[in-house]
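S.K.: The structure that follows is given in the form of structure tokens.
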């Protein structure tokens, strides 16, 4: 959807090439809607201050849990650059919040059959707990998909006319060609340039301040996530001509479903490269002699993953006790692997589902209730040492 008012948008935030920094206009006096929103969110701020612990070493991920409509100065863990962008672009922060929820859902989908299943912690402003403190391949995946989620959400919001500072991609103009022949750029191409630019400015801001080995790792994986979204842009076209002869085509670029990005990054996780920082701290080298060097599309990590089989609060592992597993599967969702050899309990449960649905004119669908009894298998907890005093 191409929104009117392009000249006004250009005045607020000129669209430049992807390498250009995100321009920041001088803050204007808040209008009535913004002022009322700030007043209405004072209650949310109070709740935030009451529920969060005193330590606020966290990240922008919490925006997805809080929602973007918060007072930017009081979101824990934002660095000054992120606060500036939050204050000046509150509508984009709404997209950042939506993107955070989207990538967390995707992370949980990708690892639903894994010992570590991307569990978020309620009332924990770090979102994932201590597990992200380790520079593991799980941390590499989370940073990559979080960056990708922001790009995807902002890009989509631009072309749907939800943001005042961007609209359709201004670079897809004129004639072009592909394997099928020539076509004209038209319609509303998704503005991936703006999405990547803003995501880089906002998400990378904290890591660019720190400038240590972990920050270097995070920046690399953030870039992998942004690149993954761009990788799956697709060309959509409409034919023009007599009886659909397609003598002329009008085409535009569109985002693919975020699942494709998630699937790709999961494959990158499986092939992630263990590295170590060079002495000058400016690059990576292979962690051990004989290991392959990381490329720009590889996820990288420093540390081996903790043992996710057992509860380990210090490492952030929740263990697999109580996790549902498949008795017949030989994969990571199978009881043998998921339960780490501890065995499993079986519970017989009755599930009620709708079945034999029929359409009745007009206009209703009526279904019967069907009851199915199934066996649910859950992992046993680790046995306590026999020498421990049980009294």
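Placement of Cβ uses the backbone N, Cα and C atoms for every residue, glycine included.
Dumping what Swiss-Prot says about this protein:
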| type | residues | note |
| --- | --- | --- |
| DISULFID | 107-118 | disulfide bond |
| DISULFID | 158-166 | disulfide bond |
| DISULFID | 168-188 | disulfide bond |
| DISULFID | 237-251 | disulfide bond |
| DISULFID | 239-246 | disulfide bond |
| DISULFID | 309-340 | disulfide bond |
| DISULFID | 325-335 | disulfide bond |
| DISULFID | 339-379 | disulfide bond |
| DISULFID | 355-370 | disulfide bond |
| DISULFID | 357-367 | disulfide bond |
| DISULFID | 362-363 | disulfide bond |
| CARBOHYD | 117 | N-linked glycosylation site |
| CARBOHYD | 283 | N-linked glycosylation site |
| LIPID | 243 | O-palmitoleoyl serine |
S.K.: Counting Cβ atoms within 10 Å of each candidate's own Cβ, which of the disulfide-bonded residues 237, 367, 370 comes out highest?
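M.R.: The largest 10 Å Cβ neighbour count belongs to 237.
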S.K.: To the nearest whole angstrom, state the Cα distance for the pair residue 340 (disulfide bond) and residue 370 (disulfide bond).
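M.R.: The Cα atom of residue 340 (disulfide bond) is 35 Å away from the Cα atom of residue 370 (disulfide bond).
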S.K.: Around residue 107 (disulfide bond), which residues of its chain at least 6 apart sit with Cβ under 8 Å of its Cβ?
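M.R.: Looking at Cβ-Cβ distances below 8 Å from residue 107 (disulfide bond), excluding near sequence neighbours, one finds 118, 141, 142, 145, 262.
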S.K.: Just name the winner among 158, 355, 362, 363, 379 (the disulfide-bonded residues) by count of other CB atoms within 10 A of its CB.
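M.R.: Result of the Cβ crowding comparison: 158.
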S.K.: List the recorded positions among 243, 251, 325, 355 whose C-alpha is within 10 Å of the C-alpha of residue 188 (disulfide bond), in sequence order, or say none.
M.R.: 251
S.K.: Fewest other C-beta atoms within 10 angstroms of its own C-beta: which of the disulfide-bonded residues 251, 357 fits that?
M.R.: 357
S.K.: Rounded to a whole angstrom, what is the C-alpha distance between residue 158 (disulfide bond) and residue 283 (N-linked glycosylation site)?
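M.R.: That comes out at 34 Å between the alpha carbons.
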S.K.: May I ask you to report the DSSP-based helix, strand or coil state of residue 283 (N-linked glycosylation site)?
M.R.: coil
S.K.: For residue 166 (disulfide bond) and residue 379 (disulfide bond), determine the Cα separation and express it in whole Å.
M.R.: 50
S.K.: I'd like the Cβ neighbour count for residue 283 (N-linked glycosylation site), meaning other Cβ atoms within 10 Å of its Cβ, all protein chains included.
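M.R.: Its Cβ shell of radius 10 Å holds 12 other Cβ atoms.
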S.K.: Per 10 Å Cβ neighbour count, which of the disulfide-bonded residues 166, 168, 239, 340 ranks highest?
M.R.: 166
